[in-house]
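S.K.: Relevant sequence annotations retrieved from TrEMBL are reproduced here:
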DOMAIN    58-472  domain 'Major facilitator superfamily (MFS) profile'
TRANSMEM  58-82  transmembrane segment
TRANSMEM  94-113  transmembrane segment
TRANSMEM  125-143  transmembrane segment
TRANSMEM  149-172  transmembrane segment
TRANSMEM  184-204  transmembrane segment
TRANSMEM  216-237  transmembrane segment
TRANSMEM  287-316  transmembrane segment
TRANSMEM  322-342  transmembrane segment
TRANSMEM  354-372  transmembrane segment
TRANSMEM  384-406  transmembrane segment
TRANSMEM  418-436  transmembrane segment
TRANSMEM  442-467  transmembrane segment
């Protein structure tokens, strides 16, 4: 191993002694292949060929799984249009409680979910999760009352708790920080695409009559069977890490590991380091991200469960409500792909991806609020409602901020735990903004969403400013990292599972 490298013309009294930092540490899953070669031993063309091969093998199933994860979660929002509440005898706030119960299970499971994702095989955990929630979707067919619904929704939340943090981890194991944004946007965009397809499917299934099953039951039947199939495909086809990917040759595995090593975050470590939990708690970025999540996901919780009822409150029947809701998904999916493409070309758009999409969302919710008692054309109000869903693109950008700017496997797992606890808590509270006595205008809910979107905008701006200032401080104190040679020691520290607070060669992507 190379001698300790001194960064030219920079003070060192507080710099990490890189060599000492690595002594006695268990190396990363990909460390052996990392030491077999170096990033300068292969051409960019070879690296691109390996990346394309990884894309072809991973992205189709990742997109299918994440799309199903979303529509399975919101299927009850479509079922309610086909007498789901009446058939189960739901009254008062019971539907709101059933909507929130998913997130109670999701919240409670977050610490164990992120712990097992850190300690055990990520791909296998994700596949078991999909198979389990497929079974639970099928269990909806046997529901007869509120109590049974609460149990199934709670268990569904537990089953799905590993999916998004698992996807953030899985994406970071195979892609460079620059590549992760577009890949995250692609699988996150499946929420919108699958929502469109499933809405049309639900529209068709809702017309099925004179059968043993009620129309809403077909929605859960089809989605449950699809989830079951995708879960088994994941189990047998998806690799754990780049160095164990059977679809790559040994030489390609080396290239795959070297590519990801440039993130300075390692690939996969199985140790749980408790000091890194403290690093997560004391990091300013953690709390700014958590604030943003609360301010965007509390509105999300309400709109996911009651969005169709808000649209129907404009004066549409159940079937038209389903169809009119489709453009919201188009806005969501389209925005994600566009922003992901821009981030590849221009870079450092991650925080802008949290800021700019909130502007049309704020305009849309303000228009809905401002036209409540004006007798405005209902189609004009629908157009304003469609704009609101542009906020959805901010969520995958939050995931990329955590996945690319939080180094240290335990620190990232801890940050994800806090992130998804806030995500779940906000989505639990969201449906209760939509009180039955406020129907059909839901003035309290619309007002709260407007205020929260504005607060989220401020949080994102502060996050970008903080990371810019920290990068400048590190450049001034420890020197700039202009070439690959200067980054090698930071890459080794990443392979020895050091946090971004320990690794002075680490720079935040914006």
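Each Cβ is built from the backbone N, Cα and C atoms, and glycine gets one as well.
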S.K.: Between the transmembrane segment (354-372) and the transmembrane segment (442-467), are there three or more C-beta pairs closer than 8 Å, counting only pairs 6 or more apart along the chain?
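M.R.: Contact between the transmembrane segment (442-467) and the transmembrane segment (354-372): present, because at least 3 Cβ pairs are under 8 Å.
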S.K.: In the same chain, which residue numbers or ranges, 6 or more beyond the ends of the transmembrane segment (149-172), come under 8 angstroms Cβ to Cβ?
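M.R.: Same-chain contacts beyond the ends: 62, 65-66, 69, 72-73, 76, 88, 90, 97-99, 101-110, 113-114, 116-117, 122-123, 125-126, 129-130, 132-133, 136-137, 139-140, 143, 180, 183-184, 187, 260, 263, 265, 399, 402-404, 412-413, 416-417, 419-420, 424.
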S.K.: Would you kindly list the residues that approach the transmembrane segment (384-406) from elsewhere in its chain, counting only those six or more residues past its ends and only Cβ-Cβ distances under 8 Å?
M.R.: 164, 167-169, 171-172, 177, 180-181, 184-185, 188, 191-192, 263, 265, 280, 283, 285-286, 289, 292-293, 296-297, 299-300, 303, 310-311, 314, 327-329, 331-332, 335-336, 339, 350-351, 353-354, 357-358, 360-361, 363-365, 367-368, 371, 412, 415-416, 419, 449, 453, 456, 460, 463, 467, 499-500, 508-509
S.K.: Would you mind listing the long-range same-chain contacts of the transmembrane segment (94-113), meaning Cβ under 8 Å and 6+ residues beyond its ends?
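M.R.: Hits for the transmembrane segment (94-113): 73, 76-77, 80, 85, 146, 149-150, 153-162, 165-166, 301, 304-305, 416-417, 420-421, 423-425, 427-432, 434.
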S.K.: Tell me, roughly as an integer, the mean pLDDT over the domain 'Major facilitator superfamily (MFS) profile' (58-472).
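M.R.: Its mean pLDDT is 85.
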S.K.: Which residues of the chain, 6 or more past the ends of the transmembrane segment (184-204), have a CB below 8 A from one of its CBs?
M.R.: 59, 62-64, 66-68, 70-71, 74-75, 78-79, 81, 167-168, 171, 219, 222-223, 319, 322-323, 325-326, 329-334, 336-337, 339-340, 343, 392-393, 395-396, 399-400, 403
S.K.: Same chain only, please: residues at least 6 beyond the ends of the transmembrane segment (418-436) with a C-beta under 8 Å from a C-beta of the stretch. Say none if there are none.
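M.R.: Distant Cβ neighbours of the transmembrane segment (418-436) are 92-93, 96, 99-100, 103-104, 106-107, 110, 113-114, 157, 161, 164-165, 280, 286, 289-290, 293-294, 296-306, 309-310, 398, 402, 442, 444-445, 448-449.
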